[in-house]
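This report refers to the structure that appears directly beneath it.
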Amino acid sequence: MTDKWVPGQGQPMYGSQQPHNLMPPPSGLYQQNSNQSNTSLDQQQQFNQQQYNSQQQYQQQQHSQYQQQQQQHQQQQQQQQQQQQQQQQQQQQQQQQHQQHQQQQQQPQQQSVAQQQPSDYVNFTPRPDLLSKTARDRAHNTTQVISTYYKGIVQHAIERHQRRSAAEASVEQATSEERRNRVLTNYGKKETAYLRMRRTRMALEDFVTVKVIGKGAFGEVRLVQKRDNGKIYAMKTMLKKEMDMKEQWAHVKAERDVLADSDSPWIVSLYFSFQDDLYLYLIMEFLPGGDLMTMLIKYDVFSEDITRFYIAECVLAIEAIHKLGFIHRDIKPDNILIDKTGHIKLSDFGLSTGFHKTHSSAYWKKLKDGTSSNPATQMGPPQNTNRQSTYDSIHLTMRQQISTWRKNRRLMAYSTVGTPDYIAPEIFVHQGYGQECDWWSLGAIMFECLVGWPPFCSEQPRETYHKIINWRETLQFPDDVHLSPESEDLIRRLLTSSENRLGRIGGANEIKSHPFFRGVDWSSIREFNAPFVPKLSSITDTSYFPTDELGDVSEYPQQSSRSDRSSDLPFIGYTFSRFDNMTRRNAI
């Protein structure tokens, strides 16, 4: 039996045969391959370690550089702080030295003054609160007079320079030297006459009264003739005593400012103003055509074409007021005057305001005696008054009420209460209001022109106030009066709440674009023939004014005593004369 070799049991026995395919590998083969692999791995690890070390060194270098930069920046900041501290210390030292120097200079002066002062000298500390009211009022008046005087000098110098420059510019293109000299000579004569007039104190005796043509709550309007040149003017007089009692200082100031600032053909022209101990005087152009109220009383109603003409001109007049920065607040037919060509002009700016502090009664009240304005002088519903009418409005038809209203219409204009028919509701309830309140008045006038009476008229002013405040329920269009859709729409868009009223956002342009004014030439409407042109027999013709209703009046305003002259503070600076109105309107 042959012995077989079994793997793992050692060498086969002697004489046995080993299988050919199980020959062992050559000696040392596995050891050689293992050594080569270990060598390559070691080299790779060394290379990686070198790269890692180099990266660590680079990062350390970057970090050290960053730290150095931070240290340098901190050092710079510390140096700057030290420099600032040094500068502050130097400034403090300089201030201390300057103060010491001043003290050293003052000490000899104080010593010299002390040596000059008598032994019984007593230091005095001003205490204005211990002075009498009369003394304080005189001090206020003196301060106001000085301020007004020097402001006027500066303003007149500026205006004179501007006029001279304008005159020279107008003749730069003159064809001949002769014409240029003639223009400048005429300008010099006008300037001389104007300066002479400014130096002359104007007085009531310079005018002759022709006729009284109007009365108001606080004064009257007279047709006067100037003695030296025979020119005709309208003189408005206001009693200072009444202005004081009714606290109308702000209204007087506002009216004068509007007329002085205006140079519009839609506003009555002011030539000059002055005052004396008793009265304030406004010398204005005379408009012989009367007022719109007289025309409404005479004709009852207007056609839509005539209404369109007058309302369009009123839009332009109100726009001119608003461009000056003022609000009229009392636009009504009484204050719409008609000139000799039949076109309208606005007047009576007693309730206007430019929202300037001097247009506030509270400002003057505080300035005069340190108290708030009297609430009774503010605009608002009147208190209950004795009813003079015996009519019961419940038993009167609308036509009868209008007839009664028309009879008393002019008398109401003369009273101190006035008529509230055209005033916007937001003014009565003391809400905030702006220029849109004048557009409400325009809507009320348009209603009266087309219908024949104001939209909220009543026998008593208090009833009118109530209707205006509740306009949503009381505004009604009569069934027997035909109005075009455009006219009724315009009235409704004017007689509405202030936030929805036409003209609130876009001003006059919104109203101009309304279909009711389609075809109106706004740029040249004053050049067209008016529907009504007054027929005048002379320059003093007053036939269009209700002078018969005024009764007999004296040639001069009534004279009365006025004991408190210290109350003239609000009237300082009232005197006015402007070169433009004195020359361009041929007043000289």
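Note that Cβ sites are derived from N, Cα and C of the backbone, with glycine treated the same way.
Annotated features, as they stand in Swiss-Prot:
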{"type": "ACT_SITE", "residues": "D330", "note": "active site, proton acceptor"}
{"type": "BINDING", "residues": "I213, G214, K215, G216, A217, F218, G219, E220, V221, K236", "note": "ATP binding site"}
{"type": "COMPBIAS", "residues": "29-42", "note": "compositional bias 'Polar residues'"}
{"type": "COMPBIAS", "residues": "43-76", "note": "compositional bias 'Low complexity'"}
{"type": "COMPBIAS", "residues": "100-117", "note": "compositional bias 'Low complexity'"}
{"type": "DOMAIN", "residues": "207-517", "note": "domain 'Protein kinase'"}
{"type": "DOMAIN", "residues": "518-586", "note": "domain 'AGC-kinase C-terminal'"}
{"type": "REGION", "residues": "1-76", "note": "region 'Disordered'"}
{"type": "REGION", "residues": "100-139", "note": "region 'Disordered'"}
{"type": "REGION", "residues": "370-389", "note": "region 'Disordered'"}
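What Swiss-Prot annotates, mapped onto the structure for a quick look.
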residue: I213; record: ATP binding site; DSSP (3 states): strand
residue: G219; record: ATP binding site; DSSP (3 states): strand
residue: D330; record: active site, proton acceptor; DSSP (3 states): coil
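The two recorded residues the residue listed as 'active site, proton acceptor' and I213 (ATP binding site) have their Cα atoms spaced 20 Å from each other.
Note on G219 (ATP binding site): other Cβ atoms within 10 Å of its Cβ, all shown chains, come to 21. Sorting the compositional bias 'Low complexity' (43-76) by DSSP state (H, G, I as helix; E, B as strand; all else coil) yields 34 helix, 0 strand, 0 coil. Of all Cβ atoms in the shown protein chains, 20 besides its own fall within 10 Å of the Cβ of V221 (ATP binding site). Once Cβ contacts within 10 Å are tallied over all protein chains shown, the recorded positions I213, K215, D330 are led by D330.
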